[in-house]
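Engineer: Structure provided below as structure tokens; questions to follow.
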């Protein structure tokens, strides 16, 4: 080795000691196994974790709707800008070799969470800043793929970034958990009669009926919930005993009578399809029970079976459809599903044969 015009002899091994090399290989293998376990478990238990988050958020949600919207929007801006801030940090530090690792980490974190039972689901992001600014920012916060991508690129790029930046960015990313627990209960999620802000929400409306649409998976799909709520509002007058508020799904018979195609399809999916899949015995028992006015004994005589058989079949109907035929409202829904379902079986009218004329 030549240093300052002098030849200096250098001897030794350029490789690390065997023990240290083995430890590094074991750490890398364990990290790969841990990453595979995390990705697999997240795919398998994704919906259970969402349900758990909503349950906890209903307990600890303490912010008012106005405060929640402000926090949600501000955090949405920060989360949207975070990957670009990390990229700028790499460019400012001239870490050119990390740009490829940055892109690969983002891709590997994004793709597994895009896999569904029907293939790879592309993100449905919109960038309508003129009319839907709130949903433009919140859609990234509600998308687990974006959060996973941020965690991956920050993990890969963090050791080569300034420590102050790294600490602030990890704090910002980990704030995702308390933000969702405190805020998401008010911005999104299903409403229940025990919700503590439900009284304040109902006071904003008149004394008439209030209809709640179904929970949308993300803010960009909220239009479907609004459409269901409007359809239910148009039909709620058909149910004089409707609670306040009432779910749009509880107004399916009234909506179907008004020609709502989505309600007719929902009745078929929720009522007729499970009964059809269970076999003709349950459908026959339901028709006979409803035609007999809910009298089990009369239904049993009509079907030539024991009354306990009718009770057993009614319980099976409740298990398959979630509607108890012995309850007046559920019986009305089941009757509406039988008459309005697109694939409901047609009832045959008894054929009356004309008497055969006597031979001449």
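Numbering starts at 1 and runs along the chain as it is shown here.
Here the Cβ of each residue, glycine as well, is placed from N, Cα and C on the backbone.
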Engineer: Suppose you had to name the range TrEMBL annotates as transmembrane segment; which of 145-161, 196-212 would you pick?
Structural biologist: 145-161
Engineer: Between the candidate ranges 5-24, 25-44, where does TrEMBL place the transmembrane segment annotation?
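Structural biologist: Of the candidate stretches, TrEMBL labels 25-44 as transmembrane segment.
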Engineer: Look up transmembrane segment in TrEMBL and report which of 48-67, 168-187 it refers to.
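Structural biologist: It is 168-187 that TrEMBL annotates as transmembrane segment.
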Engineer: In TrEMBL, one of 281-320, 321-360 is tagged region 'Disordered'. Which stretch would that be?
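Structural biologist: Comparing 281-320, 321-360 with TrEMBL, region 'Disordered' matches 321-360.
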Engineer: Do you know the mean pLDDT across the domain 'PucR C-terminal helix-turn-helix' (282-334)?
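Structural biologist: The average pLDDT of the model in the domain 'PucR C-terminal helix-turn-helix' (282-334) works out to 89.
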Engineer: Per DSSP, how many helix, strand and coil residues does the domain 'PucR C-terminal helix-turn-helix' (282-334) have?
Structural biologist: 40 helix, 0 strand, 13 coil
